[in-house]
Amino acid sequence: MPLNASHRSRLTALLLGLSALSSGPLPAAGLPDDLALSGDAAAGREVATDRAKGNCVACHVMAGAESPGTIGPVLVSMQTRFPSKRDLAAQIWDATAKNPEAVMPPFGKHEILTRQEFVDVVEYIWSL
Amino acid sequence: MTKHGFLLATLVLAGAALPIGPVTAATPEEEQAAFQAYFKQRFPNVPEDEFKNGTYAIDPVTRENWEAIEEFPPYENAISQGETLWNTPFADGQGYADCFPDGPAIMGRYPHWDRERGLVMTLPLALNACRTAHGETPLKYKKGPIADLLAYIAFESRGQITQVEIPEDDPRALAAYEQGKRFYFARRGQLNFACGHCHLATSGARLRTETLSPAYGHTTHWPVYRSDWGEMGTLHRRFAGCNEQVRAKAFEPQGEEYRNLEYFLTYMNNGLELNGPGARK
Amino acid sequence: MITTKRGDGYGLAAGVLAALLPLGAAWSETPDRAQALAGIEAAEAARQRADSVGGEWRDTAAMIARARELAEAGRYPDAIELADQAKRQGELGYDQALGEQNADFPAYVLDRSR
């Protein structure tokens, strides 16, 4: 497939995001134990609503986001629904680890987000 | 039918679909019955003969806009261009009518298992086989003249009923069906979605502002004028687009993967009326 | 431009790898260029392996092509990062395809255990 503008910007984003990645290969499966969950919620909000990135709003109703999808659960009261921020992070990293039938894309495992974007999104969703 | 009656019918259908005892395999007939029962249960208020209209069968808001579009169909031009192509002789003086002596109303015969060639024969493949047999270059499979020809054939075939057969005396046909089925339910791409994820359990839900269409009804109306494309396109063009949306590399249009997928998916839609060409968002 | 801040450890590791791998002429070039080319070759191999089972992802080939351009432009660390990422895509896509080989109707449509 030819490289269109959105791919190009995505590749640029990949390059710019590289400093956030460790140089070694990522573990194939679970959320890395050494991943510090201390992201920036404001930056995470941008990622969560960006079509090419988190795009959480494609499937989830989220406070302040327009035209949300209705596929996943409403993102609200997250701190009462997940015992810890790390549990929430594990869900976003790879939801199929807990439930093999889960539809949600594995944002961490499949590197849909860079590590920085990932921890930022976790921070933002945890704040909802 | 009342909701109660509908549920009852669904139960009866589901009962018919499931083998008795600890049998794990199901025949294609049983799988088709389970597939169709699922959608009838999921959308109990949608009459069976409405599923051919896709999203517009289940979403009254977009349906209104669609009905307005159908007043001056954006595929009309394609039909007339397709008719011209159908009637224009090849360089050898012959034409499509020589390959298809029963005329253009043949959509309902495809896809079918081609015993001689040992593959799933689709209409676009048959059209190009006709062309090459008469010394013409094959047409590209996603859009352009092939979509025009298909639009004309689909229009002439309106009202025919989907009735794909899987001949029991050729195990290769069943194998092709099984491959198409596995393709349909296999997760792929960076986003890790299978076709079935969006078009079974979450059909009718909204992805952002778009209502996800039920798989039951997906094969009736091709080729399609898609507003998103701004032009006509074929079923395999749509397959490729879906694969790329989940960030998987698309397969070749009319390659074995998509032909087997078409075989499975059209078989699931058996009984639905053909109503192509169509208009979709 | 991102420079070779990655540290000498990486270069050393590549050097050790270089000694172990029978890549011949490639290693007469500067280590960084050789490392980039080796990374790109590894990514391409992973992509082809994924493709062989129908598991290639959409952007992998474009990422490898971009990594080649970066390497041509002498931007080796960038090329290596992108190639490594493409390689992981190839590996993930391959594993995904193998894991989905027996994909079937979901149980809520057709329960095989009944």
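Placed from the backbone N, Cα and C atoms, the Cβ positions cover glycine too.
Residues annotated as signal peptide in TrEMBL: B:1-25. TrEMBL lists B:81-160 with the feature domain 'Cytochrome c'. The heme c 1 binding site feature in TrEMBL is assigned to B:Cys99, B:Cys130. Positions annotated as heme c 2 binding site by TrEMBL: B:Cys195, B:Cys198, B:His199, B:Cys242. Per TrEMBL, the feature substrate binding site maps to B:Arg238. Residues or ranges marked as active site, cysteine persulfide intermediate in TrEMBL: B:Cys242.
The CA atom of B:Cys130 (heme c 1 binding site) is located 36 Å away from the CA atom of B:Cys198 (heme c 2 binding site). Helix, strand and coil counts from DSSP across the domain 'Cytochrome c' (B:81-160) read 38 helix, 6 strand, 36 coil. Excluding B:Cys195, B:Cys198, B:His199, B:Cys242 themselves, the residues of that chain whose CB lies within 8 A of the CB mean position for the heme c 2 site are, in sequence, B:Phe193, B:Ala194, B:Gly196, B:His197, B:Leu212, B:Ala215. Less than 8 angstroms from a Cβ of chain A: among the binding-site residues B:Cys99, B:Cys130, B:Cys195, B:His199, B:Arg238, B:Cys242, that describes none of them. Cβ contacts within 10 Å of the residue listed as 'substrate binding site', excluding its own Cβ and spanning all protein chains shown: 20. Taking the Cβ of B:Cys99 (heme c 1 binding site) as centre and 10 Å as the limit, one finds 15 other Cβ atoms among all the protein chains shown. If you measure from the Cα atom of B:Cys198 (heme c 2 binding site) to that of B:Arg238 (substrate binding site), you get 14 Å. Close to B:Cys242 (heme c 2 binding site) in the fold, though at least 6 residues off in sequence, lie B:Cys195, each with a CB less than 8 Å from its CB. According to its DSSP assignment, B:His199 (heme c 2 binding site) is helical.
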